[in-house]
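**Q** Structure below; questions to follow.
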Amino acid sequence: MSGEGRPGAAAVDASGLKVGIVAASWHAGITDRLVARAVQACADSGAQATVVRVAGSLEIPVVAQALARRCDAVVALGAVIRGETAHFEYVCDSVTAGLTRISLDEETPVGNGVLTCENLQQAEDRSGGPDAKEDKGYESAMAALETALLLRGLTV
């Protein structure tokens with residue numbers, strides 16, 4: 001795990017922005033913390049958050065796209081833990097490609113907080129809990145908010 005070079009995730013003034021947060025239900029202990037931290041980032045920034053739960057990480061992109069059409073920013077949250085088959089790669093690649101495509105097609109920032117980890121401990125370490133080393137729920141929400149504000153301010 002590397003947090004090296006990670007920018008700070010300080011709150012910004014995002015008053016009036018609507019943020020859709022879509023989170024997978026798998027690994028609820030992890031995703032619940034990710035959601036709580038993303039909601040906190042929105043509250044700290046004055047943005048209005050709406051949380052939607054889906055079954056698993058593969059279901060995130062379709063709901064993220066619907067939210068991108070209605071919100072100023074989207075945050076995608078989940079935890080994919082490597083198993084003994086190639087399923088891990090398929091899920092991670094599909095979700096990442098889907099979220100990137102949505103962001104580009106809808107011109108709406110999507111903060112990717114879908115953790116892709118070798119084991120449950122790595123996910124715990126990134127989940128923003130009291131003993132966590134990283135706070136990916138908060139960070140992904142702040143990235144989406146900052147990008148939404150940047151897009152609003154473009155005058156070129």
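The backbone N, Cα and C atoms fix where each Cβ goes, glycine too.
I grabbed these lines from TrEMBL:
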type	residues	note
BINDING	Trp26, Ser57, Leu58, Glu59, Ala79, Val80, Ile81, Asn112	5-amino-6-(D-ribitylamino)uracil binding site
BINDING	Glu84, Thr85, Arg126	(2S)-2-hydroxy-3-oxobutyl phosphate binding site
ACT_SITE	His87	active site, proton donor
**Q** At a 10 A cut-off on CB-CB distances, which of the recorded positions His87, Arg126 has the highest count?
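**A** Buried the deepest by this measure is Arg126.
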**Q** Let me make sure I understand the structure: which of the binding-site residues listed (Ser57, Thr85, Asn112) has the fewest other Cβ atoms within 10 A of its Cβ?
**A** Thr85
**Q** Any idea what the Cα distance is from Thr85 ((2S)-2-hydroxy-3-oxobutyl phosphate binding site) over to Ser57 (5-amino-6-(D-ribitylamino)uracil binding site), rounded to a whole Å?
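**A** If we compare the Cα positions of Thr85 ((2S)-2-hydroxy-3-oxobutyl phosphate binding site) and Ser57 (5-amino-6-(D-ribitylamino)uracil binding site), the gap is 17 Å.
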**Q** Rank aside, I only need the closest one: which of the recorded positions Glu84, His87, Arg126 has its C-alpha nearest to that of Leu58 (5-amino-6-(D-ribitylamino)uracil binding site)?
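**A** Comparing Cα positions, the candidate nearest Leu58 (5-amino-6-(D-ribitylamino)uracil binding site) turns out to be His87.
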**Q** Compute the C-alpha separation of Glu59 (5-amino-6-(D-ribitylamino)uracil binding site) from the residue listed as 'active site, proton donor', stating it in Å without decimals.
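**A** Taking the Cα atoms only, Glu59 (5-amino-6-(D-ribitylamino)uracil binding site) lies 15 Å from the residue listed as 'active site, proton donor'.
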**Q** What does DSSP call Glu59 (5-amino-6-(D-ribitylamino)uracil binding site) in the simple three-state scheme?
**A** helix
**Q** Please give the greatest C-alpha separation between any two of the (2S)-2-hydroxy-3-oxobutyl phosphate-binding residues Glu84, Thr85, Arg126, in angstrom, as a whole number.
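**A** So the binding residues stretch over 23 Å, Cα to Cα.
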**Q** For the 5-amino-6-(D-ribitylamino)uracil binding site, please report the maximum Cα-Cα distance among Trp26, Ser57, Leu58, Glu59, Ala79, Val80, Ile81, Asn112 in Å.
**A** 16
**Q** I'd like the number of other C-beta atoms within 10 A of the C-beta of Ala79 (5-amino-6-(D-ribitylamino)uracil binding site), please.
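**A** Looking across every protein chain shown, the total is 27.
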